[in-house]
Amino acid sequence: MLYSLARPLLFTLAPERAHELTLSMLDKAHKFGLMHQKVAHKPVTCMGIEFPNPVGLAAGLDKNGAHIDALAALGFGFIEIGTITPRPQAGNPLPRLFRIPEAKAIINRMGFNNDGVDKLIENVKASKFRGVLGINIGKNADTPVEDAVSDYLICLEKVYNYASYITVNISSPNTKNLRSLQSGDALTELLQTLKDRQLELAEQYNHYVPLALKVAPDLESEDIRFISMQLIKFKIDGLIVTNTTLGREGVENFHNGNEAGGLSGAPVFEKSTKCLSQFAEILAGKIPLIGVGGIVSGEQAVAKQQAGASLVQVYSGLIYTGPTLVKDCIDAMTV
Ligand SMILES: Cc1cc2nc3c(=O)[nH]c(=O)nc-3n(C[C@H](O)[C@H](O)[C@H](O)COP(=O)(O)O)c2cc1C
């Protein structure tokens, strides 16, 4: 209700400014005890973790984990922060975030703007949140893709003790060649190295933190098959399907529709959900799936579940529908 009043005003601002303003208003409302969305308790166990409900915040909205407590008050069953990189980086030049309201869509080419992994850890330590926290890790833009594994390792080691699960993001379209890590020897080497290190860390800390992989929706059937085989081979704990798309179906004729970057929101739903179904069919329950992409109402959350997802995440839908989307999805889903 409140959000539907604020939205027209927010939409008069540049998208990135509106984003910052919304988060700072959310922080203030939370600080004064004004923010608490009551949601149903619908526990789900996934990747060995108990989630209070199956609806999470997708990565990218709180890249540095600077707003965890306020976001948690919206009722999410889990919050994923990041993508974080080893060193801070500015990301791409502005403008880099575009609304397409006619299609309930967003195009972004942020380029992993973030304050670096050390700052994220400071923020996590300062937060009071004791719920399920995913930390999404990536590589710096100036690290050659051949050395990507070392960036993921740095992040994995640093965040290990602060995360409920860790997401390996190899699917952002806005870091040059990142998506090449989704195929061939690059994927095998990445998963092998991270899995080995995860097991060592589990022994060192006497505590196992699950690893999830996040993939793009722009995959061919043979890519899906290959990735699935690697996930099974290396016993990866979860798969997040999907990131944004490079496709422009459904937005080509709208203002901003041809901006460079990743498209999210309603137009990615079909492609993303098809990708989810294909993974679900091949993985046949061996690896749990988290469905994300184009959820703008409870109906799409249910469709993700029907396509094989144990959990879902939302991002762009929040911008168009507001926080009630979290409650609507939880209410609609069966667990
Ligand atoms: C502005 C913006 C920034 C994003 N940044 C990240 C990111 O840093 N890491 C990541 O894994 N996904 C990122 N995403 C992708 C979302 O987590 C999600 O996978 C995608 O937007 C599809 O879901 P949606 O249609 O609900 O937005 C970003 C999305 C948007 C719109």
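Glycine is treated like the rest: Cβ placed from N, Cα and C.
Binding of substrate is attributed by TrEMBL to ASN108, ARG109, MET110, GLY111, PHE112, ASN169, ASN174, ASN243, THR244, and the same site annotation extends, among LYS63, LYS195, LYS274, LYS286, to LYS63.
For the FMN site, TrEMBL records ALA59, GLY60, LEU61, ASP62, LYS63, THR83, ASN169, LYS214, THR242, GLY265, GLY294, TYR315, SER316, and the single candidate of ASN123, ASN136 listed with them is ASN136. For GLY265 (FMN binding site), the same-chain residues 6+ apart in sequence whose C-beta sits under 8 angstroms from its C-beta are ILE100, ALA103, LYS104, ALA105, ILE106, GLY294, VAL296, SER316, GLY317, ILE319, TYR320.
Largest Cα-to-Cα span within the substrate-binding set LYS63, ASN108, ARG109, MET110, GLY111, PHE112, ASN169, ASN174, ASN243, THR244: 16 Å.
Most Cβ neighbours within 10 Å among the binding-site residues LYS63, ARG109, LYS214: this distinction goes to LYS214. Summary of the substrate site environment: with the site residues LYS63, ASN108, ARG109, MET110, GLY111, PHE112, ASN169, ASN174, ASN243, THR244 set aside, the chain residues having Cβ atoms within 8 Å of the Cβ mean position are GLY60, THR83, GLY91, SER172, PRO173, THR175, GLY261, GLY262. Minimal Cβ crowding within 10 Å, among the binding-site residues ALA59, LEU61, is found at LEU61. With respect to ligand 1, the binding-site residues ARG109, GLY111, ASN169, LYS214, TYR315 contribute ASN169, LYS214, TYR315 as residues with a C-beta closer than 6 angstroms to one of its atoms, given in sequence order.
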